[in-house]
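Input: a single structure, listed below in structure tokens.
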Amino acid sequence: MSVSDLVLAEKTVPKMSTYEVTVFTGNRNWAGTSNNIYIKLIGRTGESDRTCITPLLTTGFWSGQQTNVRLSCSESLGDLIMVELDKQSVIQNDSWFVDKVEVQSPEGKVFKFPMYHWIQNEKVHSFMEGTAQILSQDQHHLTLAARKRELQLRKYEYCWTVYSEGLPHCIKAESASDLPPEVQFSFTKDMEIKWNVTVVMLELKLAHFKDSAIPWSDMDSIKAMNSRSKTTVTEYVEQNWEKDEFFGYQYLNGLNPMMIRRCSSLPANFPVTDDMLHLEGFTLEQEMKNGNMFLCDYKMLDGVKTNIINDKKQYLAAPLVLFHKTSDDELKPVAIQLKQTAAEDNPIFVPTDTKYDWLLAKTFVRAADFMAQGQNRHLLRTHLLSEVFSVSLLRNFPRVHPLYKLLVPHTRYTLHINIRARERLISKDGILAQNSACGADGIITILQRALSSVTYSSLCVPDNIKERGVEKVPNYYYRDDALKLWDIMHRFVTGVIKHYYKNDAEVKDDSELQAYIKEIFEYGFLSETESGIPQTFCTVDELVKFVTMVIFNSSAQHTAVNNGHLQAAASPLNPGPLAGPSAWAAV
């Protein structure tokens, strides 16, 4: 054979294109698999063969492992747009959690495919390249078809159901184990929660407290329950809980700092007069005009069915509370009416009453706040509505949508936590239903009334602050911090959304986005137009505001209304149920 023949033969041998593939198995318990893993690369100009990438002489893919393989193709596939993975049993079928796949092309370009997905069966699973794209920017027929398939599967996995009429719809799942594994607690998260509950029960002696039918004998008995969980905050609460200024402070910086509002005129059912009050020489009318009078109205608790605990009826007030901002910038209660209907047998309590009459009135108010805050501000607004936002997100946005990437971190564990709350807290056998002033029926009533009162503006901090007229209240640290956090989130969300949506038309034309808000309005807010919740998005600014609201209420707001429970519980002035007909008769 001549030299020219050798050169010709060499030229006819096809030059292979080699792709460097790195597979990242999740770093979590039982994420690895001993099954065979197959992969196919799909590019704009071609696709690879389906290839087994299980390393030889190993037992498979280990938890936290990076597996590197080379795939050879007869020609370049162009820019990669998808990978397909499937898992085939070797000895026994097991589950595999894959974080992501990264592929370096022969041209040196790296393509990333985020997954964070459990592969449990032997079906082929498709994952799109991770560059975020709204629907109008996605022009390839294969990825458009993949978006549709992904959402079809999600709508099968994540279905709406009704827990109780008049409440936001929730995820359809009999128990947390019925959820797709991606949204269940990890093993370590589950163990952490169980351990923390056990420790708290032991430290606070709640196991004995829960089963005890003996009433508190004195204040020292209450303090003893909290003795093993003391902090500087709980000690301060113990020392100051009887003071009027601390009572008022809780409405600015306690667990329910979103209820108090400026009072420019008294409700007709709250007939407070000047001769009842001592407002530093001013009349009530003058101080209302000066912006120094504030009101809390618990009308949503009126007539709610109460509980029976240890054969004793529990009592729940529906009070009205009038506050005065003093010249030294302290907020103090100056009048309390415990029932909604003004009557001779429904007196208005004031600080000049006997010490224990006034203290008892404040205690009934705080017991009412315990129920209103727990169901309205905490459970409904930061759990149940966050679940609505989460389910609609999972049903209507594919992984490559920028809003999916932006919002999905804020859905973590939401569905699992809420299923447990429905099972273990507010069901008829739940801890809260069994041990609070309201049983399960009363809790549902409060939630129904609370949802009917939710407005879009009440979920958006700047609007809510303005609407309640509390822009200038001094020492209102919740307001100050919340506005700063809202502004930070708003600026971040603005940057992200304006990067992908260049104009209002792109917002209007995004059918995935419009389906997302449509389901939120329909299933979360029960199609109530008076709520002010958007039914569609027409502008970039509307979208920015709504996304900021979702993130804020799922994160910062939840922290504000949840994380102080243990410290607030150090105060006898924050009771759950109140038993004692004689006490109720006294008021």
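Count begins at 1; order follows the chain as displayed.
In case you wondered, yes, glycine gets a Cβ from its N, Cα and C as well.
TrEMBL labels come from automatic prediction, so no person has curated them.
These features come from TrEMBL:
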type: BINDING; residues: Gly32, Asp94; note: Ca(2+) binding site
type: BINDING; residues: His378, His383, His558; note: Fe cation binding site
type: DOMAIN; residues: 17-133; note: domain 'PLAT'
type: DOMAIN; residues: 133-587; note: domain 'Lipoxygenase'
type: SITE; residues: Trp118; note: site 'Essential for stabilizing binding to COTL1'
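Shown on the structure are the features that TrEMBL records.
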residue: Gly32; record: Ca(2+) binding site; DSSP (3 states): coil
residue: Asp94; record: Ca(2+) binding site; DSSP (3 states): coil
residue: Trp118; record: site 'Essential for stabilizing binding to COTL1'; DSSP (3 states): strand
residue: His378; record: Fe cation binding site; DSSP (3 states): helix
residue: His383; record: Fe cation binding site; DSSP (3 states): helix
residue: His558; record: Fe cation binding site; DSSP (3 states): helix
Give the sequence-ordered set of same-chain residues, not counting His378, His383, His558, with Cβ within 8 Å of the centre of the Cβ atoms defining the Fe cation site.
-> Arg377, Leu379, Leu380, Arg381, Thr382, Ser386, Gln557, Val561, Asn562
Integer Å distance between the CA atoms belonging to Trp118 (site 'Essential for stabilizing binding to COTL1') and His378 (Fe cation binding site) | 31
Out of Trp118, His383, His558, the recorded positions in the record, which is closest to Gly32 (Ca(2+) binding site) when you go by Cα distance?
-> Trp118
Rounding to whole Å, the Cα atoms of Asp94 (Ca(2+) binding site) and Trp118 (site 'Essential for stabilizing binding to COTL1') are apart by 10
If you count other Cβ atoms within 10 Å of each one's Cβ, which of the recorded positions Gly32, Asp94, Trp118 has the most?
-> Gly32
Trp118 (site 'Essential for stabilizing binding to COTL1') to His558 (Fe cation binding site) - Cα separation in whole Å = 29
Tell me the Cβ contacts of His558 (Fe cation binding site) under 8 Å, same chain only and six or more apart in sequence, or just say none.
-> His378, Thr382, His383, Ser386
By a simple count, how many Cβ atoms lie within 10 Å of the Cβ of His383 (Fe cation binding site), its own Cβ left out?
-> 21
So for His378 (Fe cation binding site), how many other CB atoms are inside 10 Å of its CB?
-> 20
